[in-house]
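TrEMBL annotations:
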- C:9-112: domain 'Dihydrodipicolinate reductase N-terminal' (DOMAIN)
- C:14, C:15, C:16, C:17, C:18, C:19, C:82, C:83, C:84, C:109, C:110, C:111, C:112: NAD(+) binding site (BINDING)
- C:38: NADP(+) binding site (BINDING)
- C:115-251: domain 'Dihydrodipicolinate reductase C-terminal' (DOMAIN)
- C:139: active site, proton donor/acceptor (ACT_SITE)
- C:140, C:149, C:150: (S)-2,3,4,5-tetrahydrodipicolinate binding site (BINDING)
């Protein structure tokens, strides 16, 4: 591992996947980072060590990610992980490995979009100040699930923030409605999903009180919009040894 | 009746109601119109004639509006009517009366908001050019019905325009959804209703095709926003003898 | 030329250019069109005839487009033209050629985005009904000019529609302003240009009267969004012999 | 002064002014507050003491506010102040008075709109994460200044946050522009002011990076939207002895 605070040499696991290849492009374009290893299913993970990687990015598969991380932690290589499938058991196992390698950091993040993270944070901070709040997510019409995972998570965070602040239920006098007209109920918060050709991934949180509304909207027009979050993770990971869950812990959110 | 083309002297039926009193204010504020009679439940409708009214505005009640109109048509007083409850039978009766008073005009309009009329027209014109379209209406949380009548009407007009142009169904790959997440289905068009404190009456139509979207939004912040439509009706009615249904027939919509 | 009303066989002039290659892709993807010739600078335009093209799309250069069109019109091949540089002289020359080939149609269009055309049309139709109107355009920060050509054209169309309807100037009580705070003045209409990374090409027209606003917004997220307009031109051109300027003439705009 | 932590009995200074009378209405409508004194220019401020006021709200005039506050602090009455004109000298004077009355709190706030405060805070927190940011404010056309004070303040806060994080200037390749097209420059941030009939007071901050944008929008449809901020100030003031500048200090902003 580099003696410097900052990561300089980066390996990418899952380098030939759709996400991994975007990550490779972003690392190569960053002046302060050097891409030293592209590793995919048929490559030997030991190449990370011979290439001198300070840190890896892992967008692979739940079936292989734990083996990858065991190797990395044992060799003191930091890891920034977007692969899914981490339950409490896996997180505990990771903490055990990291206890034996105290200078090494692992970041597990379900969402690397800084914009989505800011939107969720701002929605949760604002929610207790407003009587009403609803979530609208808008995506391309090829999406299979509704509402989106981000919209559900946003509604849950809003509901938790309102409960913590002692807010009552949002007002709604609807007595006659067509089925579905008022959206889905997620933890008491209404969530609406639109499917429109031409859109990519968009979400709006609308909060309202007497005489005013506050709207927080995130528009993601390109899947590459997650890469700044990955680079942020890479730049911060060496300064955060141990296990971190959620990129928001590396962001200065005021 | 005035010999001039344009109405100058106006009577208001239902003058002390919430809507009627707004109409009185608007007529008084208009330089080209004179308010000559304010008539409500306890007043004699004959006052219209002695006051020399060229035209009336009627925002009264389905129970009395036909008697009001019979009187007006018989006396050659034009009428601009926002009262609801007109079925085909009533419209036929009206046409019969008007046949005997050929210079007189009656406008029956379910919606006097010029903005709402433009929004519906533009949505219907644009709909055949786009693969996807959905309607979002946003109102204060004291509203009893969802979706709003305007949103339902908009969806029906969009569906009719798409059918006339031979468009197929809008694309939607949703296979897993929470109840209500995709809104209500009105004639095959998805409609979403939000209820937020601080809002009054708002609607957005979002149309989308490959790589682009077109959005038409109407925000009504004040109930007085229907009065320009009533004045437009008053100014045009003398030039439109006979029965007209819908204010859009008096607007130059290109 | 095909005896059928509809164009089936299409040639593309400028086929290897950025725009031309998008057009080729779109023609190939259309079930009712067949791409029979891809012609660029080094190719012989005579191939159009041997390939049996009913119509061509021309996105080439002002220096060569007149020669292309002379050839096409003489051989009875319809043309849908996005190349710029047509002044009154060139249009007159074209009309002369077309007079000798009465079944042939040529469409010259400065803008093939149906969404942009609808936005401009709707803005002009709505403008006389509202006291206030302003235009906001939003683009990526690499754009050299401000405001965009579409925004200038929109403001001019709005100003013309207001003048034709006898509207006075828009209200504005501003007496103290920082330089530029109120945007640019285009024919008496205020136009604002934003430059934001992540955006592509977007425009919003906001109209307002007492108590209400109407907003028309076009978001173009992908340069491919002009191709449906080109296909619309191809499908309509055989039914419109002679010269047509502006794709709006082929659209049913209510 | 009440021995309880929370203020219960409230006096209003400037009670017959436009703002003061809104405050009176809001205090009366609040279940946990009691309006015990309405004081205006011709009334004796001593009535505050005889009425047992725990705290006052002051929306008066720069000429009288210091006398009001001297009286309040000397009598241990907390003050929530929206009157303008506080410079460093006045703030120092206030601190001196408060040093002699250690249990008393005074809040001086230039802005009581919680929505505007949240918008400014979120904009400043998000600004360092994005390459681009611009501010758009939209108001009724009777407003005299452009851009609005809130928009200027927002731009200054954004610029300060970017400077503190070491961000460079926002990108802008504009080389040909109509005068004013790119808005006003406030501390390097572009600010655009729209004036539209039907609007009240609205502001949007648009931030953008590669492939995504984040938008924070505040819509104030009614001047009464500042009253929740005043009530928040009243409920918190007893727990914050000494001088506080800015309502944000009483809000849990995460």
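Every residue number used here counts from 1 along the chain in the order it is shown.
Cβ coordinates are placed from backbone N, Cα and C, and glycine is handled just like the others.
Mapped onto this structure are the features recorded in TrEMBL.
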residue: C:14; record: NAD(+) binding site; CB count, 10 Å: 26
residue: C:16; record: NAD(+) binding site; CB count, 10 Å: 14
residue: C:18; record: NAD(+) binding site; CB count, 10 Å: 9
residue: C:38; record: NADP(+) binding site; CB count, 10 Å: 19
residue: C:84; record: NAD(+) binding site; CB count, 10 Å: 11
residue: C:110; record: NAD(+) binding site; CB count, 10 Å: 13
residue: C:112; record: NAD(+) binding site; CB count, 10 Å: 24
residue: C:139; record: active site, proton donor/acceptor; CB count, 10 Å: 23
residue: C:140; record: (S)-2,3,4,5-tetrahydrodipicolinate binding site; CB count, 10 Å: 17
residue: C:149; record: (S)-2,3,4,5-tetrahydrodipicolinate binding site; CB count, 10 Å: 11
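Per DSSP, the secondary structure of the domain 'Dihydrodipicolinate reductase C-terminal' (C:115-251) breaks down as 50 helix, 44 strand, 43 coil. In the domain 'Dihydrodipicolinate reductase N-terminal' (C:9-112), the DSSP tally of helix, strand and coil residues is 41 helix, 23 strand, 40 coil. A straight line from the CA of residue C:139 (active site, proton donor/acceptor) to the CA of residue C:14 (NAD(+) binding site) spans 26 Å. The binding-site residues shown are C:14, C:82, C:110, C:112; of these, the one with its CA atom nearest the CA of residue C:149 ((S)-2,3,4,5-tetrahydrodipicolinate binding site) is C:110.
Taking the Cα atom of each, residue C:150 ((S)-2,3,4,5-tetrahydrodipicolinate binding site) and residue C:16 (NAD(+) binding site) are about 26 angstrom apart. Other than the site residues C:140, C:149, C:150, same-chain residues with C-beta atoms no more than 8 angstroms from the centre of those residues' C-beta atoms, the (S)-2,3,4,5-tetrahydrodipicolinate site, are C:137, C:139, C:143, C:145, C:147, C:148, C:151, C:201, C:203. Counting only same-chain residues at least 6 apart in sequence, those with a Cβ under 8 Å from the Cβ of residue C:82 (NAD(+) binding site) are C:19, C:57, C:58, C:59, C:109, C:112, C:226, C:230.
Between the C-alpha atoms of residue C:84 (NAD(+) binding site) and residue C:38 (NADP(+) binding site), the distance comes to 20 Å. For the pair residue C:38 (NADP(+) binding site) and residue C:18 (NAD(+) binding site), the C-alpha distance works out to 13 angstrom. The two recorded residues, residue C:140 ((S)-2,3,4,5-tetrahydrodipicolinate binding site) and residue C:18 (NAD(+) binding site), have Cα atoms 19 Å apart. Within 10 Å of the Cβ of residue C:150 ((S)-2,3,4,5-tetrahydrodipicolinate binding site) there are 22 other Cβ atoms, across all protein chains.
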